[in-house]
Number of protein chains: 2
Amino acid sequence: MTETLRPGSTIGILGGGQLGRMLAVAASRLGLRTHIFDPIEGAPAGDVAHVVTTAGYDDESALSAFARSVDVVTYEFENIPTEALDAIEAIRPIRPGREALRVSQDRLTEKDYLSGLGLRTAPYAAVDDTASLKEALDRIGTPAILKTRRFGYDGKGQARIGSPADTDSALAAMNGAPAILEGHVAFDREVSVIAARSLGGAVACYDPGENVHEGGILRTTTVPARLNTAQRTDAALLAGRILNALDYVGVVGVELFVTAQGLVVNEIAPRVHNSGHWTQNGCTVDQFEQHIRAIAGWPLGDGQRYADVEMQNLIGDDADRALDLAQEPRAALHLYGKAEARPGRKMGHVNRILG
Amino acid sequence: MTETLRPGSTIGILGGGQLGRMLAVAASRLGLRTHIFDPIEGAPAGDVAHVVTTAGYDDESALSAFARSVDVVTYEFENIPTEALDAIEAIRPIRPGREALRVSQDRLTEKDYLSGLGLRTAPYAAVDDTASLKEALDRIGTPAILKTRRFGYDGKGQARIGSPADTDSALAAMNGAPAILEGHVAFDREVSVIAARSLGGAVACYDPGENVHEGGILRTTTVPARLNTAQRTDAALLAGRILNALDYVGVVGVELFVTAQGLVVNEIAPRVHNSGHWTQNGCTVDQFEQHIRAIAGWPLGDGQRYADVEMQNLIGDDADRALDLAQEPRAALHLYGKAEARPGRKMGHVNRILG
């Protein structure tokens, strides 16, 4: 038994960045309204939402009013304070559910969870101080990466340890936050699989995309990824295993390392994902609509890939080239409406139909 | 010299129906905001607009405030009162311009204008009373259609005259409004060409679509239309002639009858058009984005057709089938968020990728 949100219903979205913006647009295609909650005035998603609440995640009365005004709540980022989630969940369902957030908010919990499902991850160990870091390095070796367990994104909160000499500076970079040491994985390429699970338990996977990162930030995703049939099947099965284990509802992004020994899970994101933006121009139903369908209790849509696509992020002053990109044949431009182009800031992306 | 609206600029849209809604979504892809002006509370486009003004077209202070808050003004329907346009144009540019509105607001003016460009139309005559109607019927013959010169859409304000016996009832149906008698055109099929002209004068045409109407309302548009090469070329040239003559900026919809003697222009709509909705799933840049690009001073985008598509309107209780349509492979569903499904009301559409 699943309820289905009818046209005119409202979806609450925590976070008003570009992901929230594209979720709001997808919701509109299904006749649904959106209400954006974001602490910062002028969030990009506010341009295309029916209602915007500008308030902090510690503002319990704003959170309650927000929850009461919507039919279901979703989010564009995983680092939402637990108290805020509690306040909302007392009033409306949150999808994807709390277990997905609990697992993905903490890199250590996530790795334990994935290992528990029988999936391969990089070698890892919890690090709280110099002693535990030395112990971890003895076991895992170098090169390795020390990461804060929580609140990292786009390469932030990370320090590379090339040799034992880097130990102290790496630990200092954590600013006393609980950390995790991750060993090096010798990978051929990085891919990600964007998958969805409906309220009724149906699972659908998009064709995996091949990712290129620069400076910790995703630069391009290309479909099809260079994978053999077995790897392609493994990626889908693995995503399905995670979705079912979490009794997940919505879209998930699973980043994978492709190695000679098989697929290694790098991390999971319980939301639409930058590496799934290509679906906007390669599929009839994109990842944003698929997510809205899932959390709204709708059937999942046709996620088949009908074109080869390269998605390129427009970062910082890349966006200055917007007018040139707008004239490129077979290129679909997506800008996020951010006024200020700071270095490293994602300003938009372009999907190029290949071939 | 053309100015280009930068991300964060605002486009004002007169009319908040489904066309305004899809224009707002397209604007968001280019990083632009929208401000909707509509007399009716809860207009569909309001769900995805940055700002909504609910006020009448006779509210001069609301119109002025609206105009001052935006960078350029466009519209989703052509029957905007002249006084409202005057109030806006004193403050901000209106695109497409006033000449396009003047011509298309009045069926008689439109036919005179098209004939003046050397384009073929149905035989027609102005009708103001019984005497002029009889004179017109003597010249044009039956069957013919009597139409109000202004404010008609979706078959409203029209009366068919099958024989001279229908004369009085047809005239009565006009309610004393100035009318036009249009003679019958023996056509093989109806097609429409959606074309665009940029602020700099560049013209681009989408591949013509073939239309099927039922009860005066568009039912389906299919691309490619069954046209030979000469007809296809004629359609594009004819659209270009109209756009250039009007010094037009934006997207126009030109409805054509295909006859053994060539293409006959039925009517033009100075806006995005229902028969162009297929472009959302057949092209990299759809008609809505093309229109926004044009009026924002951007270069026109790639309007090449990359798929065969059938667009089907969901009218009245057709929308009850939304969940079934949502599960159809290769089908993209678009709902307009209208709560009440009245008979004849356009509730959404579905674009089916063919083949």
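Cβ atoms here come from the backbone N, Cα and C positions, even for glycine.
Per TrEMBL, the features are as follows:
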BINDING   A:R107, A:K147, A:152-158, A:182-185, A:E190, A:H213, A:266-267  ATP binding site
DOMAIN    A:111-296  domain 'ATP-grasp'
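Within 10 Å of its Cβ, the residue among the binding-site residues A:R107, A:K156 with the fewest other Cβ atoms is A:K156. DSSP assigns A:N266 (ATP binding site) to a strand segment in the three-state reduction. Listed in sequence order, the residues of the same chain lying 6 or more apart from A:N266 (ATP binding site) and placing their CB within less than 8 Å of its CB are A:T121, A:A122, A:V185, A:E190, A:E255, A:L256, A:F257. Non-local contacts of A:E182 (ATP binding site) by the CB criterion (under 8 A, 6+ apart in sequence, same chain) comprise A:R107, A:A122, A:P123, A:Y124, A:I140, A:A144, A:I145, A:L146, A:K147.
When secondary structure is read from DSSP and collapsed to three states, A:V185 (ATP binding site) falls in the coil class.
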